[in-house]
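Over in TrEMBL, the protein carries these features:
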BINDING   Gln253, Glu303, Asn353  S-adenosyl-L-methionine binding site
DOMAIN    275-338  domain 'Methyltransferase'
ACT_SITE  Cys381  active site, nucleophile
Amino acid sequence: KKKAREGCSLQDPSWEERLANAVTPLWRLPYQEQLQVKYESQRKILQTLASRLEELGVDAQKPGGLCCPLQPVVPSPIINGYRNKSTFSVNRGPDGNPKTVGLYVGTGKARNIISVKANHLENIPPKHKQVAQCYEEFICHSPLDSCILFHEGGHWRELVVRTTSRGHTMAIVTFHPQELGQEALATQKALLKEFFTCGPGAVCALTSLYFQESTMTRCSHEQSPYQLLHGEPHIFEELLGLKFRISPDAFFQVNTAGAEVLYEAVGRLCQTAGDTVLLDICCGTGTIGLSLAHQVSKVIGVEVVEKAIEDARWNAVFNGISNCEFHSGKAEAVLPQLLASWEDARPLVAVVNPSRAGLHYRVVRAIRNCRSIRRLLYISCKPEGEATRNFLELCCPPDPQKKLTGEPFAPVLAIPFDLFPHTVHCELVLLFTR
């Protein structure tokens with residue numbers, strides 16, 4: 001890291017510095033300055049949202065031209081090495097090694113992608129870097145090529161490393177089978193297992209080693225099952241006094257300590273009473289709903305990843321929580337059906353925590369048209385993207401053409417949480433009421 005900081009001029013940055021600039025563009029700034037940069041970016045997002053709402057005929061201008069008051073960015077309790085999940089790619093490195101395990105610099109469009117080792121990045125913990133280095137050592141000694149372009153052949157692909165504060169480490173190796181038969185595949189899996197259990201990779205002390213044969217860029221467990229080669233099928237994390245089981249592809253906030261701060265604030269903002277029903281949409285392994293279950297009468301979680309729902313149900317039982325139910329399926333399929341027949345007289349509060357793609361239109365419509373939902377918390381990791389469309393759909397005047405007949409919501413408070421120090425990203429929590 002020192003070399004990256006001091007040994008490179010800005011005119012001729014090293015590959016390490018280029019990677020740091022791409023992945024952690026704020027790495028040179030003191031942390032307080034990073035928070036100020038993020039505050040300004042969130043302020044601009046809320047200004048833009050206010051203008052867009054004005055165009056729709058919604059009086060949304062508040063002091064400073066914002067659509068609602070913006071609180072200061074809540075800092076992360078951990079600034080360096082906070083990531084509990086890292087995804088490493090295999091590609092040609094700066095030295096020409098086609099089996100370099102790292103992160104990309106460049107773009108496919110420009111055909112200048114280089115894989116640069118991530119040893120100097122401040123947001124990735126040492127354990128992740130160690131597993132990546134061992135994986136590179138393994139594939140460099142393998143007679144099989146790395147799979148850089150699917151149509152050109154090759155086999156060794158991505159590595160995902162997941163860790164927890166309890167000392168658990170899960171590694172997931174993605175492999176393109178190409179034309180290999182079952183016997184040849186079994187040989188590669190045996191060699192990989194031997195390396196990480198008896199060979200040089202044993203230093204990583206993996207608690208779980210998974211292998212996935214994938215012919216696509218990304219594969220779900222249903223499309224191509226994760227094959228456990230060694231260890232336990234799950235890793236476990238503790239959050240807000242609860243224990244959570246995590247499957248290979250289950251969503252869990254990437255910054256555990258930051259997630260605790262975020263979920264505590266969500267609990268306060270929900271303003272739930274003892275008879276409240278909490279709707280947890282895109283619930284992952286159930287972290288939000290389960291952490292708030294003690295202050296509501298019932299939690300209903302919805303999540304598309306089936307294994308994550310299995311985790312959520314296990315987490316509820318293990319933690320002795322009996323007032324939660326979890327539904328597996330796409331939110332746009334499950335939620336409209338769930339809310340269309342809603343006749344429960346209890347207050348209903350919704351929390352949504354979607355991916356960067358935001359919520360499907362049918363999910364927004366179901367929320368908007370359910371009269372029982374008077375309070376909504378939207379947690380967005382990319383509020384300037386598709387989430388903006390969701391905000392407009394929630395707050396616009398009734399539109400029979402779009403079947404948005406319910407009373408509009410209004411944004412009343414925004415709080416950014418820095419779950420990603422050194423990057424430009426943060427989680428924005430927007431509170432909507434009606």
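All residue numbers here begin at 1 and follow the chain in the order shown.
In case you wondered, yes, glycine gets a Cβ from its N, Cα and C as well.
Structural mapping of features recorded in TrEMBL.
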| residue | record | contacts (Cβ under 8 Å, 6+ apart) |
| --- | --- | --- |
| Gln253 | S-adenosyl-L-methionine binding site | Ala259, Leu262, Thr287, Leu419 |
| Glu303 | S-adenosyl-L-methionine binding site | Phe251, Cys282, Cys283, Gly284, Ile309, Ala312, Phe326, His327, Ser328, Ala331 |
| Asn353 | S-adenosyl-L-methionine binding site | Asp280, Ile281, Cys282, Cys283, Gly284, Ile288, Ile379 |
| Cys381 | active site, nucleophile | Ser355, Arg356, Leu419, His425, Glu427 |
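Taking the mean position of the Cβ atoms of Gln253, Glu303, Asn353 as the S-adenosyl-L-methionine site, the remaining same-chain residues with a Cβ inside 8 Å of that point are Phe251, Phe252, Cys282, Cys283, Gly284, Thr285, Thr287, Ile288, Ile379. Residues Gln253, Glu303, Asn353 are the ones the record ties to S-adenosyl-L-methionine, and the longest Cα gap between any two of them is 15 Å.
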